[in-house]
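Taken verbatim from Swiss-Prot:
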REGION    14-17  region 'Interaction with host APOBEC3F'
REGION    40-44  region 'Interaction with host APOBEC3G'
REGION    54-72  region 'Interaction with host APOBEC3F and APOBEC3G'
REGION    74-79  region 'Interaction with host APOBEC3F'
MOD_RES   T96  phosphothreonine
MOTIF     108-139  motif 'HCCH motif'
MOD_RES   S144  phosphoserine
MOTIF     144-153  motif 'BC-box-like motif'
REGION    151-180  region 'SOCS box-like'
MOD_RES   S165  phosphoserine
COMPBIAS  176-186  compositional bias 'Basic residues'
MOD_RES   T188  phosphothreonine
Amino acid sequence: MENRWQVMIVWQVDRMRIRTWKSLVKHHMYVSKKASRWFYRHHYDSPHPKISSEVHIPLGEAMLVVKTYWGLHTGERDWHLGQGVSIEWRKRRYSTQVDPGLADQLIHMYYFDCFSEAAIRKAILGHIVSHRCEYQAGHSKVGSLQYLALTALVAPKKIKPPLPSVRKLTEDRWNKPQKTKGHKGSHTMNGH
């Protein structure tokens, strides 16, 4: 019988980001209770030796599973030390991988109070609406002018510690272009 391979997307992440993610998840599960329905699985509860943790986030009938890995092959850069994250959406027997932005939107939709564009319609109909968003990471686009005007009236409340964002966890902070202070360019390239 031949080998069958299964390919999955694993976002390379440094271990400090993973530690921060885990501590934020645990804080909001056990202290603030904003994520009390989430389930945290430790590495010693997992049958797979490369999984360092799993966070199971119920989304109605579906579930979002964020797995962190260790002991992976290192990347092309020195700081890619074999740590990674995969994000999976499951419903019954179907599962698919999702990107961090979509994961944050799903978490936002199910768990955190938000003053969204739908709130304008609800307010006109006389329904009680939340006047601020607790989970800013769940918004991927700029809102309408009405939405921006209404949010300008109410300053966003900073939550300490912040809510765990999957997008922030997988953000590539090393490959952003670096800016050097006080240099207009290379002297050899400028001809000076």
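Glycine is treated like the rest: Cβ placed from N, Cα and C.
Source: prediction; values computed, not measured.
Beyond the region 'Interaction with host APOBEC3G' (40-44), the same-chain residues lying 6 or more positions past its ends with a Cβ under 8 Å from any Cβ of the stretch are 22, 25-26, 29, 51-56, 70. According to its DSSP assignment, S165 (phosphoserine) is coil.
S165 (phosphoserine) has a Cβ environment of 21 other Cβ atoms inside 10 Å.
DSSP assignment over the region 'Interaction with host APOBEC3F and APOBEC3G' (54-72) gives 0 helix, 14 strand, 5 coil.
The average pLDDT for the region 'Interaction with host APOBEC3F' (74-79) in the predicted structure is 62.
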